[in-house]
Structure formats: structure tokens, C-alpha cells
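Colleague: What TrEMBL shows for this protein is this:
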- 169-176, 194-198, 216-219, 283-286, 313-315: GTP binding site (BINDING)
- Ser176, Thr196: Mg(2+) binding site (BINDING)
- 4-162: domain 'Obg' (DOMAIN)
- 163-332: domain 'OBG-type G' (DOMAIN)
Amino acid sequence: MTEGNFVDYVKIFVSSGKGGKGSTHLHREKFIEKGGPDGGDGGRGGHVYLVGNKGLWTLFHLKFARHIKAGSGGDGSGDRSTGADGDDKFIEVPLGTVVKDKETGETLFEITDDGEKQVLSRGGKGGLGNWHFRSSTNQTPRYSQPGLPGTEMDVILELKVLADVGLVGFPNAGKSTLLSVLTSAKPKIADYPFTTLKPNLGIVAYRDFQSFVIADIPGIIEGAAEGKGLGHYFLRHIERNSTLLFLVPVDTPDIKGEYDILVNELTKYNPEMLDKERMVVISKCDMLDDDLKAELKEELDVSFKGIPYMFISSVAQQGLTELKDKLWKMLND
Ligand SMILES: Nc1nc2c(ncn2[C@@H]2O[C@H](COP(=O)(O)OP(=O)(O)OP(=O)(O)O)[C@@H](O)[C@H]2O)c(=O)[nH]1
Ligand SMILES: [Mg+2]
């Protein structure tokens, strides 16, 4: 997935259909001079639904869909005929789509399951035909109800990426490079911070035709939870990942300290982040010879205590198979 078509936020205007008019009709037949009222009801206006689709990964297909409108209900007619219901509209969205009212900012609901269907905007009720209003005092009512109008609303759709593994690290830690060697994704890689501006997803092909999805998000810096850098905006993308992979480059002066800052930012953002499975990867290890690596390992065994960590190099392709094995195990245990 390239950066250009990853869309995780869209504003759309939806309107449900208005209800059809009830009919004011009097029965006419040869030889029956004054037939009774037989005006049928109007059909209901079309609803606008959101439907979860596990085959979708972005909201790109809705980027240019500014206005989504369901059909109006048909009017009722004589012989107690009910008007047809308006056409419903079904908006397909990826799993993890959060729906908000644009006016109030209130979260309306979230789509999490494949095939899950929720009404976003309900069509107006059809009006009752005059047939309903006959009574002992009025045998021929000459009125019926109009249909109720549909509702219009501006909504925001926001996507939380539902990948299996989320990559977390400071800018320049090597996250996109790792994604590019584990998957066929081709994210932009460069020697400056904030190269990645939008999440990238890649599929890791694992032994025996199995696979899992990795999400590479923009780098996180201290203060991200309060809105510094880009991290704040993208933290929601890793809220739903079941496993977090922390990347800290081997040339970082205080590796454990940097890891602590990352964990702290995630916790401030949402304490539930700490409940996830996590592992630390010390990246760019091709910069270190074996002696230095052994020395560092002694140090890290102490500072990381029980936290699982490992050395890798995306450039020299070191530790990648072991990393895949470990991630697979974490995801499936
Ligand atoms: N020596 C070495 N350099 C690496 C390795 N992995 C990444 N780099 C370099 O580190 C720099 C940053 O890599 P990126 O993959 O863009 O880092 P990132 O974490 O995605 O950065 P942002 O998108 O800015 O957050 C690039 O110059 C990469 O070539 C590695 O295994 N070894
Ligand atoms: Mg990047």
C-alpha cells in the first residue's frame, strides 16, 4: 500500500430518504356511486447503512463520495396500495471504522466485524393513506398524512488500523525499513525523521502459507500523547494491534531510556496499551561488531529484565527469521 491511497479520515454528508405520501383516494366502481376511502400508505424512505468489510483496509473509496443519499419512499395510491420503500444505501467500510457526528464530535458507533450492519441515518416514515382515517362520523375522509422527511447529517469516519503487529519507535528508528524487508510493501525510507507521514501496512508471509499484518506508523516522540509531532494523530492506529513491536536503534545512547519514553507516551495516551503483548527489537545491529554486541547484551539483560528483546538488522538481514517466528508465536499463543 503506498502512502497516497491510505485514507484514514473522511467527512461525508448522508441523507436518508423521505417517506412517501399517504394517498387520499375514494373507491370508484361502476354502479357504486360513493365508494369508501381506499388511499394506501406511503413507503418508508431509504436508510443509510454502514457495513463492515474485512477486505477493505482504507477509506480511500469514500474520499470523493461527498454526499450519500438514500431513495425516497413511493407515494401510496388507490385500492390501498402501499408505496414502495425507498432504496437503502450501504456504505462499505473497513473493520475498525469509528463513526462520529461532525457537529458534536460524539462517537456514534464503531464497526468491528465483517458483515456487521448498522443504520447511520433512518429513512422517514411513510404517511398513512385516508383509508386509516375513516370513522363512524367521517365515512369519506379527504385527508391523508404526508411522509416524514429523512434526516441529513455530516459524519466523520475514522479508521483504526487493525493490523496484528504495530511498529512503535522514534523517528528514524528503522520501522519502515523493517516493514520493507519483512513484507512486499514499499514504504518511503530516508535518513531524516518523519519520513513516514501516514501508516503503511504490509503482509508478512509466514511458513505454510500463513500470514500476519504489520502496521508501520509515523515515529513517536516524547510528548506525543499531548499532541507533539505526528504521533498523537496516529496513536489510535496502534490501539487495536494485538502486539506491539518497539524499535530502538543500537546506536541510541540510552536504549532502555528510549524504550521507557515510548511506553510512557503510549500509556498516557491509553493505559490499555500496556495490556498488549510487546517485544523490543534493537535495530541497525550491523553497526556493531560481535564483541560490542556481547557487551551490550550483558547490559540490556539487566536493564530489560523480563522484557523480551532481540537484535536485528534489516539492512544485513540479521535476525529476521527469528523475529518472524517470535511474532508468530506471540500472536498465536
Ligand atoms: N545501518 C542500518 N541502517 C538502517 C537500518 N534500518 C534502517 N536504517 C536507516 O535508518 C534510516 C531511517 O530508516 P526508516 O526506515 O526510514 O526509519 P523510520 O523509523 O521509518 O523513520 P520515520 O518514518 O521518520 O519515523 C534510513 O537512512 C535507513 O536506511 C539497518 O538495519 N541498518
Ligand atoms: Mg518510516
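Cβ coordinates come from backbone N, Cα and C, glycine included.
Nobody curates TrEMBL annotations by hand; they come from automatic prediction.
Owing to the predicted nature of the structure, the values given are computational and were not obtained by experimental measurement.
I'd like these features described in context: how deep, what's nearby, how far apart.
Modeller: Neighbour count (other Cβ atoms within 10 Å of the Cβ, all protein chains): 23 for Thr196 (Mg(2+) binding site).
Counting Cβ atoms from all protein chains shown, Ser176 (Mg(2+) binding site) has 24 others lying within 10 Å of its own Cβ. In this structure, Ser176 (Mg(2+) binding site) is part of a helix by DSSP.
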Colleague: Taking only the Cα atoms, work out how far Lys284 (GTP binding site) lies from Thr196 (Mg(2+) binding site), in Å, as a whole number.
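Modeller: On Cα coordinates alone, these residues lie 18 Å apart.
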Colleague: How many whole Å apart are the CA atoms of Thr196 (Mg(2+) binding site) and Pro218 (GTP binding site)?
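Modeller: That separation, Cα to Cα, works out to 5 Å.
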Colleague: Measuring Cβ to any atom of ligand 1 with a strict under-6 Å cutoff, which of the binding-site residues Ser176, Thr195, Lys198 qualify?
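Modeller: Ser176, Thr195, by Cβ distance under 6 Å.
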Colleague: Counting across all protein chains present, how many other Cβ atoms fall within 10 Å of the Cβ of Gly169 (GTP binding site)?
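Modeller: So the Cβ neighbour count for Gly169 (GTP binding site) comes to 24.
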Colleague: Ligand 2 is in the model; which of the binding-site residues Gly169, Lys175, Ser176, Thr195, Thr196, Pro218 have a C-beta less than 6 angstroms from one of its atoms?
Modeller: Lys175, Ser176, Thr195, Thr196
Colleague: Counting all other Cβ atoms within 10 Å across every protein chain shown, which of the binding-site residues Lys175, Lys198, Lys284 scores highest?
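Modeller: The residue with the most neighbouring Cβ atoms within 10 Å is Lys175.
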Colleague: Measuring Cα to Cα, tell me the gap between Thr195 (GTP binding site) and Ser176 (Mg(2+) binding site) in whole angstrom.
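Modeller: So the alpha carbons of Thr195 (GTP binding site) and Ser176 (Mg(2+) binding site) sit roughly 9 Å from each other.
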